[in-house]
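Report on the structure given below.
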Amino acid sequence: MDVFQKTFSVDDALEVIGFGVFQWKISFVTGLAWVGDSMEMMILSILGPELHCDWSLPSYQVALITSVVFIGMGFSSLLWGNVADKYGRKVGLVISMCWALYYGLLSAFSPVYGWLLALRGFVGFGIGGTPQSVTLYSEFLPVRARGMSIMLMAVFWVLGTVSEVLLALWVMPTLGWRWLLGLSAIPVGIFVSFCFWLPESPRFDVLSGRREKAIATLTRIARENGKELPQGTLIEYKQNERGQYKELFSQQYWKITLLLWFIWFSFAFSYFGIVLLTTELFQTESCGSISIEPRCSLECKYLTSADYKDLLWTTLAEFPGKTFAIDYLGRKKSMAICFFMFSLCILPLYACIGRVALTIFIFIARAFISGGYQVVFVYTPEVFPTEIRALGMGTCSAFARVGALITPFVAQVLLRTSMYLTLSVYCGCSLLAALASIFLPIETLGRGLQESTRLWKKREVEGKEKMKDAEDGMSRTKSGSS
């Protein structure tokens with residue numbers, strides 16, 4: 001046996017294979033999950049005003065319809081992350097999407113408020129697994145293409161939000177909210193139909209001791225891209241213990257974990273806050289405080305065609321938000337700038353500005369916060385190793401859901417008490433998150449995906465031993481000299 005036999009890692013193989021036909025295909029399939037997720041999220045800002053009128057719901061019950069979705073997502077994000085790290089990225093993603101599809105269709109037949117609340121909570125439980133599509137997708141990308149590829153995949157999110165507004169503009173005036181709920185589940189249904197094509201991550205297979213399966217997947221990718229695998233043997237690093245929560249708080253990752261939890265919380269809190277604020281502010285002409293709580297069901301306000309059109313314009317802001325130059329400025333600076341610019345665009349809303357100016361500032365604010373939200377989706381899988389990558393994404397996503405859970409009570413309930421206080425909460429949170437982004441200890445621009453914390457620990461121990469040997473050598477030299 002040749003002791004000098006060449007070896008290569010999954011990273012080496014992906015760099016040789018490059019970005020090609022296979023990556024375009026997996027972009028489309030995983031992108032469908034994002035379209036479904038964004039449509040289920042966007043529908044919340046449309047469903048609230050409709051049910052507020054149809055079922056004569058007070059503001060806190062309207063806010064609860066949004067919050068219960070995020071409660072489900074918050075609980076399930078940890079579960080799906082654990083499943084993806086222990087049983088496979090594909091397994092976690094497919095099961096969660098099937099769950100979301102089933103309950104998404106059922107929620108369209110909700111007879112009363114209680115049923116709608118429960119079924120939408122179950123939809124949120126399934127949607128909580130959507131971030132694992134980024135985990136899966138990122139593990140098939142070469143280093144140079146990863147940042148821009150994940151940002152471009154986020155275009156699917158924007159397509160979902162725009163499609164939801166256009167669907168609502170077509171469906172709501174004639175067919176009503178039940179049809180909107182049912183039709184909004186179509187992208188998830190298409191994803192479930194195509195999910196059989198998805199391969200398992202070769203990185204996960206290597207850590208699971210399934211080297212032959214990983215080689216088969218890499219060979220398939222190379223064939224579809226018209227390339228050949230590197231010569232040699234694929235490095236195998238089998239690890240039985242994966243998805244361990246304690247690894248998130250190891251010496252290397254505890255600070256990153258805590259900062260990312262707050263950053264994810266702030267992005268979701270701010271992003272969904274501006275989405276919900278848009279429909280609320282479009283329905284009032286007053287400043288300082290908003291009083292639109294109806295005395296009877298006849299005094300409510302449905303969203304008009306003009307409201308839907310302005311909502312569409314502000315939603316289109318997310319397209320320029322995806323072009324942010326994260327491969328030039330880096331991930332940390334990009335997130336910090338997005339948070340700062342979001343808070344800057346919120347400031348003019350303190351004044352009594354007209355409808356056109358309101359739309360423009362909301363457009364710009366949403367462009368920056370949505371762009372920054374996608375940067376953190378790039379950064380998180382890059383900073384965590386393969387063994388806890390899905391778990392890291394899952395826990396971060398759970399904190400994002402906490403932010404999204406709280407934001408309806410600020411954007412829809414606190415707003416009725418004081419607009420100034422509401423805007424101050426969003427400004428303050430985004431500025432603190434900008435500082436948290438700067439304090440992140442690692443910049444991942446140009447960095448390969450890490451495979452294992454244990455490899456890092458091994459290198460650290462070896463480094464300390466070498467340093468100790470060097471110090472001992474210097475001590476002996478000094479003793480000899482004296």
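A Cβ is built for glycine as well, from the same backbone N, Cα and C atoms used for every other residue.
What TrEMBL lists as domain 'Major facilitator superfamily (MFS) profile' is 26-445. Mean model confidence for the domain 'Major facilitator superfamily (MFS) profile' (26-445) is a pLDDT of 81.
Annotated transmembrane segment per TrEMBL: 60-79 (among others), in sequence order. A Cβ distance under 8 Å defines the sequence-distant neighbours of the transmembrane segment (60-79), meaning residues of its chain 6+ beyond its ends; these are 40-41, 44, 47-49, 51-52, 96, 113, 116-118, 120-129, 131, 272, 276, 391, 394-395, 397-398, 400-402, 404-406, 408-409, 412-413.
Long-range Cβ contacts of the transmembrane segment (91-109) within its own chain (Cβ-Cβ under 8 Å, at least 6 residues beyond either end) map to 30, 33, 36, 40, 76, 80-81, 83-84, 116, 119-120, 122-123, 125-130, 132-133, 136, 178-179, 181-182, 184-185, 188-189, 191-192, 195, 198, 200, 390. Annotation source TrEMBL lists transmembrane segment at 91-109 (among others).
What TrEMBL lists as transmembrane segment is 150-171 (among others).
The transmembrane segment annotation in TrEMBL covers 177-198 (among others).
Annotated transmembrane segment per TrEMBL: 256-276 (among others), in sequence order.
For 334-353 (among others), the entry in TrEMBL reads transmembrane segment.
Summarising the annotation, TrEMBL assigns transmembrane segment to 360-379 (among others).
Non-local neighbours of the transmembrane segment (391-411) in the same chain are 60, 62-64, 66-67, 70-71, 73-75, 77-82, 84-85, 124, 128, 131-132, 134-135, 243-245, 247-248, 257, 260-262, 264-270, 272-273, 276-277, 280, 376, 380-381, 383-384, 422, 425-426; each lies 6+ residues outside the stretch with a CB under 8 Å from one of its CB atoms. What TrEMBL lists as transmembrane segment is 391-411 (among others).
Among the features that TrEMBL reports, transmembrane segment is placed at 423-442 (among others).
The compositional bias 'Basic and acidic residues' feature in TrEMBL is assigned to 460-475.
Per TrEMBL, the feature region 'Disordered' maps to 460-482.
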Within-chain partners of the transmembrane segment (256-276) [C-beta distance under 8 Å, separation at least 6 from its ends]: 41-42, 44-45, 48, 66, 248-249, 335, 339, 342, 362, 365-366, 369-370, 372-373, 376, 379-380, 383-384, 392, 395-397, 399-404, 406-408, 410-412, 426, 429-430, 432-433, 436-437, 439-442
Positions on the same chain near the transmembrane segment (177-198), where near means CB under 8 A and six or more residues out: 25-26, 29-30, 32-33, 35-36, 39-40, 43, 46-47, 50-51, 54, 90, 93-94, 97-98, 100-101, 104-105, 107-110, 136, 160, 164, 167-168, 171
